[in-house]
Amino acid sequence: MMKICCIGAGYVGGPTMAMIALNCHDIDVAVVDIAAPRINAWNSSNLPIFEPGLDDVVKACRGRNLFFSTDVEKHVAEADIVFVSVNTPTKLRGLGAGKAADLTYWESAARMIADVSTTDKIVVEKSTVPVKTAEAIEKILNHNSNGIQFQILSNPEFLAEGTAIEDLMKPDRVLIGGRETPDGKKAIETLKDVYAHWVPADRIITMNLWSAELSKLAANALLAQRISSVNAMSALCEATGADVSEVAYAVGKDSRIGPRFLNASVGYGGSCFQKDILNLVYICECNGLTEVANYWKQVVQINDYQKARFVKRVVSSMFNTVSGKKIAILGFAFKKDTGDTRETAAMDVCRGLIGDKAQLSIYDPQVTREQILRDLAVDKLDWDHPRHLQQSLNSKHVSVVSDPYEATKGAHGVCILTEWDEFKTLEYERIYKSMQKPAFVFDGRNVIDVNELRKIGFIVYSVGKPLDPWVKDLPAAPPS
Ligand code: UDX
Ligand code: ADP
């Protein structure tokens, strides 16, 4: 029986391996991690990540051909294919700090693979990494290999959180990059056979290693660019009286453009977009491509601008001060249907409001209190981030509650920062009655019915929508 081992039981490794196990009864899949609490959670009824549909998949395979373990070395030694899905955060210090990927975890995983292997193996890059990482990893493996053959493949994951199971079940494409040698081609075929258990052959694309690595960065850069483009338009819509949803609808009808990923928002978040673009910027700079680097940098800068602009809207609408005022924050996750907060726009918005001494009351249906407080306590990496967004937490200014009505009770304003479905159907009449007057709603996700809320009496700001007379003459752009 073929054995697969995945190093790293995170948002990518966990669901991806569960899906392989579900679809490949003839393959044993072990997911290993150095973090014992994470592995314990994967082995419990309370999985470490919230992802619709994941519980059922894990239940169906766990103990059958899907195993979670901290015995990293044993499972790596036994495996025919080793996926590496460890974290690759942005480097915090040293050369390339703030942009380059930190490959410490990757390197230590590679060295460990070389140390414990006694049979030939295929090593698969699953985490997003800079272009040419495979080459570096290949060197580490082959210089420490004791005669064992390693084939490196790049197999970037395109799943989005919140829809991971769907994305894995019916991927638009599976990408496999490898060496163009006979052994490289053989390794590509072996991995292709795994996916072919459930993915139609014409959706499995093979190419050279660097193309596969770059394709992942390129896909995320283009997706993020669409959001920054529409967010840039949202500012212009507010200035001119156009409605960004109407503009996006009209634009998306062009089949060359397409309708998806054109929702204006308070800003994109998530573990990938910013990190991957910064990575791309760094690679461009290292290759002397300054203009190209600056082009992509601008996508991140517009995202920062959008978050800062939102904070400015809140503060200027509320008589230019939120000092001492209770503000409800509805939603903290970086998107709906996930408990993940990595790079969430909510973090910057909350920091901005805390910087202006607001009293925040935060509600999110999936993110824990501890996570929110931890996120707000950490100082943000300053890479071209506006100074006023870089405030560290004074916990006196934040409370985290488990009920949206408690969060909004007595508040001067409500900020909707994640598009959770439940925010569409809250009892806004009841919320209005319990709030200070004038009562403000700032919708960073365009989930509420603006006209309904205005009828109730709220002063409403919705990203990229025609402005309330109240907000109209107040300054819109953050100071540079
Ligand atoms: C992304 C890519 O979609 C995925 O292919 C890759 O593997 C990892 O990165 P993810 O970060 O999980 O996935 O979520 P995604 O759905 O792409 O959303 C990213 C951010 O963009 C979220 O904060 C979301 O709210 C925001 N977004 C998305 C918008 O603001 N507007 C949109 O129209 C779409
Ligand atoms: P992603 O979103 O890319 O899946 P996560 O941060 O959710 O990233 O998961 C990465 C996982 O990799 C973490 O659980 C971490 O403990 C694990 N990890 C990092 N380095 C190693 C290593 N050398 N051996 C085993 N697990 C590792």
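Backbone N, Cα and C define each Cβ position, glycine as well.
Under the heading NAD(+) binding site, TrEMBL lists 8-13, D33, R38, 86-90, 127-128, E161, 272-275, R342. The active site, nucleophile annotation in TrEMBL covers C272. Marked as domain 'UDP-glucose/GDP-mannose dehydrogenase C-terminal' by TrEMBL: 328-450.
Mapped onto this structure are the features recorded in TrEMBL.
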{"residue": "G8", "record": "NAD(+) binding site", "contacts (Cβ under 8 Å, 6+ apart)": "V31, D33, V84, S85, V86, N87, Y105, A109, K126, S127"}
{"residue": "Y11", "record": "NAD(+) binding site", "contacts (Cβ under 8 Å, 6+ apart)": "I49, E51, E161, A164, S271, D340"}
{"residue": "C272", "record": "active site, nucleophile", "contacts (Cβ under 8 Å, 6+ apart)": "T128, N220"}
{"residue": "Q274", "record": "NAD(+) binding site", "contacts (Cβ under 8 Å, 6+ apart)": "T90, A224, Y268, V300, N303, E343"}
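Close to ligand 1, meaning a Cβ under 6 Å from one of its atoms, are these of the recorded positions G8, T90, E161, C272: E161, C272. Among the recorded positions T90, E161, C272, Q274, no residue has its Cβ under 6 Å from any atom of ligand 2. Counting residues per DSSP class in helix, strand and coil order gives 43 helix, 19 strand, 61 coil for the domain 'UDP-glucose/GDP-mannose dehydrogenase C-terminal' (328-450). DSSP assigns Q274 (NAD(+) binding site) to a helical segment in the three-state reduction. Cβ neighbour count for T90 (NAD(+) binding site) (all protein chains, 10 Å cutoff from its Cβ): 20.
G8 (NAD(+) binding site) falls outside any helix or strand according to DSSP and counts as coil.
Counting other Cβ atoms within 10 Å of each Cβ, the lowest count among the binding-site residues D33, N87, E161 belongs to N87.
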